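> Can you keep this structure in mind? I'll have questions shortly.
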2 protein chains.
Amino acid sequence: MSSSTSSPRAVVLVSGGMDSAVVLALAREQGFDCYALSVAYGQRHSSELEAAARVSQALGAITHKVVVVDLRAIGGSALTADIEVPEQGGAGIPVTYVPARNTIMLSIALGWAEVLGADEIYCGVNAVDYSGYPDCRPAFIEAFERLGNLATKAGVEGHALHVRAPLMRMSKADIVREGVRLNVDFAATVSCYNADIAGRACAHCDACRLRADGFIAAGVSDPTHYV
Amino acid sequence: MSSSTSSPRAVVLVSGGMDSAVVLALAREQGFDCYALSVAYGQRHSSELEAAARVSQALGAITHKVVVVDLRAIGGSALTADIEVPEQGGAGIPVTYVPARNTIMLSIALGWAEVLGADEIYCGVNAVDYSGYPDCRPAFIEAFERLGNLATKAGVEGHALHVRAPLMRMSKADIVREGVRLNVDFAATVSCYNADIAGRACAHCDACRLRADGFIAAGVSDPTHYV
């Protein structure tokens with residue numbers, strides 16, 4: 001199937017991790033011209049943004065944009081402030097939770113969707129392995145879709161905006177299997193909270209453990225580059 | 001009334017314009033410790049951010065933070081892209097509409113509120129003089145409040161977040177009168193889309209005309225610095 005100017009458009013949030021790579025491949029399979037968006041919110045390393053650019057190109061996005069939002073100004077997370085990333089997850093909401101991150105990323109995707117005339121926003125939000133993040137629940141996505149239809153010209157002009165989270169109810173093993181089916185090159189993705197400058201993973205943080213367990217549970221050999 | 005460490009906290013979106021100055025004064029009057037937030041979304045001039053800092057200090061905010069979100073990357077508005085700001089408003093949604101601006105600004109306020117443990121977000125959104133912007137309607141604010149309660153720890157922990165838009169149903173003249181009552185120094189505020197580097201207004205753009213008409217309708221002499 002070739003991409004044509006009449007294909008409908010989708011904005012796809014691409015982080016550089018494995019989940020959003022699978023989401024991009026799914027949106028392409030659905031026939032959308034995909035506009036990949038990464039939000040740089042003051043992450044402590046840039047290797048995931050480099051992975052996002054690689055993944056976007058490899059999976060046929062029309063373009064990949066990076067919007068910078070410096071959340072270090074408001075602090076509050078081990079991912080953006082001087083709080084140590086823990087090796088072992090505890091109970092409750094983890095310190096790696098970035099306040100309102102998904103709300104902020106979806107808001108920027110909403111703005112770009114409006115500029116592009118795209119009625120679809122795809123994201124990799126997942127409720128199964130969500131580690132207690134409040135903005136990874138189905139009710140959150142539904143509320144954002146409702147907000148998006150009130151916030152933009154789409155709502156005024158009467159065509160509906162959709163926010164798609166196709167991985168919402170998948171386990172990490174399901175996501176690995178779906179990526180294998182769609183020929184996603186997982187070696188090009190970076191999930192680790194502590195990845196080094198070359199994008200190599202630490203193997204010890206929550207994100208690494210979830211990812212490694214997913215490959216084991218799916219019975220797929222793990223192509224991750226570890227330190 | 002002196003500010004104490006036990007006062008409840010509010011995040012107040014302060015743009016540098018007259019509306020958000022009145023909102024900050026109202027939130028202070030309600031007894032909140034106010035944390036003023038400006039979102040720099042790639043405006044074509046910085047004089048409104050300087051006005052925001054002046055206004056925040058003059059009206060007793062605890063602090064004023066600027067979070068940078070470079071919306072020029074996604075384009076689509078005369079305020080952030082190379083589209084000329086019109087002197088006369090037309091029908092429909094104007095070219096000065098910034099896609100998803102209020103959604104993005106409220107999202108960042110939501111993140112900071114969560115970090116601060118603030119259960120109140122104040123903004124100057126107004127439906128009367130809203131010039132056709134879809135994200136200035138009461139239903140938008142209600143939908144954002146609902147989203148905010150699902151998106152954050154507040155929702156999980158069971159205390160409610162409130163999004164306040166106290167100017168929603170006020171005319172520009174009402175806002176001027178309310179500011180006079182609260183001793184807001186309107187000369188320190190900048191509303192103009194084309195303000196010069198010293199913050200002086202053009203007197204011709206939509207924002208200038210709305211503001212000037214407000215002073216006339218309120219019977220208050222206009223302290224605006226014009227070019």
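Just so it is clear, glycine is given a Cβ too, placed from its N, Cα and C backbone atoms.
In case it's useful when we look at the structure, here is the feature table from TrEMBL:
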BINDING   A:Val14, A:Ser15, A:Gly16, A:Gly17, A:Met18, A:Asp19, A:Ser20, A:Ala21, A:Val22, A:Val23, A:Leu24  ATP binding site
BINDING   A:Cys192, A:Cys202, A:Cys205, A:Cys208  Zn(2+) binding site
> Measuring Cα to Cα, tell me the gap between A:Ser20 (ATP binding site) and A:Cys192 (Zn(2+) binding site) in whole angstrom.
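About 14 Å separate the Cα atoms of these two residues.
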> Which of the binding-site residues A:Val14, A:Gly16, A:Met18, A:Val22, A:Leu24 has its Cα closest in space to the Cα of A:Cys208 (Zn(2+) binding site)?
A:Met18
> Provide, as an integer number of angstrom, the distance between the C-alpha atoms of A:Gly16 (ATP binding site) and A:Cys192 (Zn(2+) binding site).
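One finds 10 Å between the Cα atoms of these residues.
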> What whole-number Å value do you get for the CA-CA distance of A:Leu24 (ATP binding site) and A:Cys205 (Zn(2+) binding site)?
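For A:Leu24 (ATP binding site) versus A:Cys205 (Zn(2+) binding site), the Cα atoms are 25 Å apart.
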> Relative to the Cβ position of A:Met18 (ATP binding site), how many further Cβ atoms are located within 10 Å?
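Around A:Met18 (ATP binding site), other Cβ atoms within 10 Å: 27.
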> Expressed to the nearest Å, what is the distance separating A:Val14 (ATP binding site) and A:Cys205 (Zn(2+) binding site) at their Cα atoms?
21
> Hey, what's the Cβ neighbour count for A:Val14 (ATP binding site) at 10 Å?
33
> Where does A:Cys192 (Zn(2+) binding site) sit in the DSSP three-state scheme?
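The residue in question, A:Cys192 (Zn(2+) binding site), is coil (DSSP, three-state).
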> When the number of other CB atoms within 10 A of each residue's CB is tallied over all shown chains, which of the binding-site residues A:Leu24, A:Cys202 has the maximum?
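Top count of Cβ atoms within 10 Å goes to A:Leu24.
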> Quick one: Cα separation, A:Val22 (ATP binding site) versus A:Cys205 (Zn(2+) binding site), in Å?
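With the alpha carbons as reference points, the distance is 21 Å.
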> Which secondary structure state does DSSP assign to A:Leu24 (ATP binding site), in the simple three-class scheme?
helix
> For A:Cys208 (Zn(2+) binding site), what is the secondary structure state per DSSP, taken as helix, strand or coil?
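SS state of A:Cys208 (Zn(2+) binding site) = helix.
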